[in-house]
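Some features that TrEMBL has for this protein:
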BINDING   N7, E34, D182, N184, D305, H306  Mg(2+) binding site
ACT_SITE  Y141  active site
ACT_SITE  D182  active site, proton donor/acceptor
SITE      N184  site 'Transition state stabilizer'
REGION    218-240  region 'Disordered'
SITE      H306  site 'Interaction with DNA substrate'
ACT_SITE  H306  active site, proton acceptor
REGION    355-413  region 'Disordered'
REGION    428-477  region 'Disordered'
COMPBIAS  429-447  compositional bias 'Polar residues'
Amino acid sequence: MKVVTWNINGIRTFRGGIKKALDSLNADIICVQETKVTRDLLDERTAIVDGYNSYFSYSRGRSGYSGVATYCKDSATPLAAEEGLTGLLTNHEGAVGCYGDLAEFSSEELQLLDNEGRAIITQHRVNCQENVKTVTVINVYCPRADPEKPERKQFKLQFYKLLQCRAEAILKDGSHVIVLGDVNTSHQPIDHCDPSDIDDFGENPGRKWLNSFLHSGKQVEDRNNKDPDEELEATPPDPVHPGKFVDTFRYFHPTRTNAFTCWSTLTGARQTNYGTRIDYVFADCQLAKEYFVAADIMPEVEGSDHCPVWGQLSCPLLPSPKPPPLCTCYLPEFAGKQQKLSRFLVKVDQKSVQSEQREALPGSQEDGERRENLNPSAAENVSSKKRVLISDSAVSKGKKAKTLKASSTPQGSLLSFFKPNLKHVVPSSEANARGETTSSENSQKASTTREKGSSVTGRVPEDTELLLKGSSQVFPSNNVEEQIKTKHSTPQPNRGPSNAKKKESLVFWKSVLHGPPAAPSCKVHGEPCVLRTVKKEGPNMGKQFFVCARPQGHASNPEARCNFFAWVDKGK
């Protein structure tokens with residue numbers, strides 16, 4: 001059994017082919033965070049993937065925000081699945097249950113904690129040494145503590161407490177538990193690129209919670225799988241914490257440095273591996289010690305500002321005969337019970353439409369209609385067969401005969417609706433006095449002229465349309481071509497501004513819009529700097545400055561960004 005967690009930073013990461021991306025991870029259970037998709041934006045290609053069953057949790061308050069999803073292979077179909085941690089979002093059978101003591105949370109707090117789509121729980125059967133046991137997988141995307149919003153810091157700590165309460169309640173009920181996802185806190189100094197840059201690193205409330213949630217000390221020392229290739233530089237031993245869960249990566253790699261899972265894309269920090277490890281696979285102590293065989297990170301996998309983390313267990317999965325009710329395959333829009341309005345308005349792939357129609361066309365349709373529906377472009381080629389079908393059938397030649405007659409006529413262009421119908425125009429008395437041709441002849445020859453003029457470009461020339469625009473004036477048939485030639489040969493006046501005016505306008509706009517100032521070179525590397533703008537609220541918001549163009553990195557790294565900084569002079 002293999003599990004993978006990955007913050008994908010938007011479901012668009014999988015647009016190159018979601019099945020291909022899932023298969024490349026080579027796991028039985030794939031948990032993704034920050035999908036940024038809501039129920040109304042979830043499409044069938046994302047929700048229904050061949051060989052997998054999926055479970056989604058959405059943000060109820062904001063669109064394009066948060067959200068988690070769990071994809072299980074059909075060979076790992078869970079026996080139960082549930083959205084959220086509180087149980088308030090569960091209104092069906094097949095829930096996991098075991099909510100623990102939630103007395104310290106108010107009902108309003110519980111609703112808010114589950115309102116952002118941050119947790120999906122699936123429960124699976126596994127065969128552990130010929131004993132069938134259950135393993136509950138909790139996929140979470142923990143909140144980020146925005147320093148500008150103190151209330152979000154409290155929200156994050158409350159979410160941590162709720163997660164611990166639920167995980168320990170399920171563990172107490174007899175199931176093994178795996179908690180995995182983006183926890184948004186680096187645990188130890190070894191998990192941070194520059195811990196000395198943070199004041200009171202160990203006093204962070206999120207790290208204090210991790211200390212209470214995780215078990216360390218003898219449990220890590222007793223591991224029986226040592227990696228000889230890892231660096232020998234060890235960190236000072238942490239005091240023993242009484243938590244019920246283990247960080248599986250540190251269980252197998254306690255001293256590995258520079259093992260990060262998240263980097264800033266704004267500063268290009270991934271190029272210098274200047275990041276943090278905030279994505280984890282936690283497991284209860286017994287499960288980690290007896291059944292986990294490996295765990296690692298996958299920094300080579302790109303597509304997001306995070307990388308995947310995986311864990312491998314020795315016990316195989318036992319699939320459930322059918323997915324639980326939370327599975328997306330039961331949603332009305334994907335189960336064939338309800339169609340979205342967007343399907344009638346958005347252009348879809350013609351091949352997929354044809355394959356669907358071959359299976360779903362009603363049996364009451366005749367062969368001719370079925371061919372027309374499956375291949376509208378070939379309707380004209382089989383028009384003679386349609387006539388035979390109509391003549392042989394006992395159905396009356398009412399609407400169906402009219403439909404066939406209309407379909408056999410090629411459809412005209414949109415311009416044909418705006419051209420004057422010249423055969424209805426009555427020639428003027430002056431034209432009749434000169435013995436000119438009748439209006440019907442004029443219309444025929446005029447249309448012939450239009451066809452000749454448009455045969456090359458596929459449309460009626462603009463000048464011809466202007467000549468034929470007024471229905472009160474009809475040109476003699478023998479003069480139409482001459483009129484058109486004259487119109488084309490007449491030189492058009494230059495309606496645009498003169499060169500002098502263009503130069504004046506250019507000078508004016510250059511004086512108003514100065515453009516970006518010339519970039520100075522940084523003093524360390526001698527390379528042109530990049531222009532940045534302050535976006536943080538405060539007295540400097542909106543001001544521009546120059547910094548070194550190299551990616552962010554540690555101060556000891558010569559390839560990283562230097563400390564060059566210069567404000568943009570507004571006078572320049």
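Cβ atoms are placed via backbone N, Cα and C, with glycine included.
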Among N7, D182, N184, D305, H306 [binding-site residues], residue with fewest other Cβ within 10 Å: D305
Near-site residues: Mg(2+), ref N7, E34, D182, N184, D305, H306, CB cutoff 8 A to centroid: N9, Q33, Y141, C262, I278, D279, S304
Cα proximity to Y141 (active site), best match among binding-site residues N7, E34, D182, N184, D305: D182
Chain-internal residues near E34 (Mg(2+) binding site), provided their CB is under 8 angstroms and they sit 6+ positions away: N7, I8, N9, G10, S66, G67, V68, Y141, D182
